[in-house]
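Got a structure here, written out as structure tokens. Questions coming.
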């Protein structure tokens, strides 16, 4: 049976703003309090989705979350009707309101970890929503993420949904941003590579000193168990703590995979040779080669990789069998990065083409092409069981652009978050979106 990789991109929400909430993410911190353009951000994301669908890729849409998150504001002691709750939060704690108005669910690489049926002992696709407990503004996402995923992947014969891991540091989980799957055809068994930043139950191991390691080995191992993965085809690798301290807050800022290929920086992993030997051996056990494309420090520094999000790219297998790398405009603007990319596609590796997209609104908040998408490998039967209303086509692209034009503002500052009209505009937009995408009532305000 034929297999597909379906990319589910997050639609940017109406409250997209620059709050600098993500310590360890240098772009997020640098652009704090800049004016944002939610309408442009949403349209930039939609353009990328449509372009990839037009290339013959399977492309889906994940809905934004309800923001401001009034239920959490109430848990924190603000009272009255919803508009009063938001007004009080702005008066007494504007930083808290900003945090609970973040459009961060757009970065769906952090939404969940997904294991395809070919790798799972029960031959079903497994989803575990990420708890994202390292950052308060993201720790509230798991419940809505699970609701949205269950509305898209409903059929229990094919899909299993697990609760997020416990909300404690021991099980810090940032989802697919720290997870790679290597293999051949998407419908056949692969090797899953879980990347972690620290191991809580073994304090003797090295860890970062400047910025937090958001993913723990304990979380990755728990997900592998939940997803019923075979140890013989699962690898756990520690990310180099030195690059975390240089702003590599997720593994998808320093490495990206597709099928047999792992595209990565020279300094991406701790004990890299040992890790790659294990990956190579486990790939051989499923009859596949392992192709490492390593970018040396003397061609692209870690600082340039972080600034341009070279590795926060997508590697896509085209219908003709070749691979295209999708990079942000910032990669083209950097001479060293652009020179390397153009040399790489002449090296005889499977990656032989480059596509560039302007995702500046997301990039300024610290998220590139790979942050915006959740990869789901499906066979033909499973793809047919997916809610078809979320799959990108000409009609959906037109409908969503019209929806954005109708509901989104073209500028947003932090002080606008208390505007009662923004709360009502956002809810009206999301209520309409759930009908467009056939999601049902997934938001707290709809219940």
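Just so it is clear, glycine is given a Cβ too, placed from its N, Cα and C backbone atoms.
In case it helps, Swiss-Prot gives these features for our protein:
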BINDING   19-28, 110, 137-138, 214, 252, 365  substrate binding site
ACT_SITE  174  active site
ACT_SITE  250  active site
ACT_SITE  371  active site, nucleophile
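Help me see these features in their spatial surroundings.
Other C-beta atoms found within 10 angstroms of the C-beta of residue 19 (substrate binding site) number 25, with every protein chain shown included.
Following the DSSP three-state reduction, the secondary structure of residue 174 (active site) is coil.
For the recorded site, residue 250 (active site), the DSSP three-state label reads coil.
DSSP gives residue 371 (active site, nucleophile) a coil state; it is part of no helix or strand. There are 26 other CB atoms within 10 A of the CB of residue 371 (active site, nucleophile), with all protein chains counted.
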Take the Cβ of residue 138 (substrate binding site) and count every other Cβ within 10 Å, whichever protein chain it belongs to.
23
Residue 174 (active site): which of the recorded positions 19, 110, 250, 252, 371 have a C-alpha within 10 angstroms of it?
110, 250
Take the C-alpha atoms of residue 19 (substrate binding site) and residue 371 (active site, nucleophile) and report the distance between them in angstrom, rounded.
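Residue 19 (substrate binding site) to residue 371 (active site, nucleophile), Cα-Cα distance: 18 Å.
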Return only the integer: C-alpha distance in Å from residue 138 (substrate binding site) to residue 371 (active site, nucleophile).
14
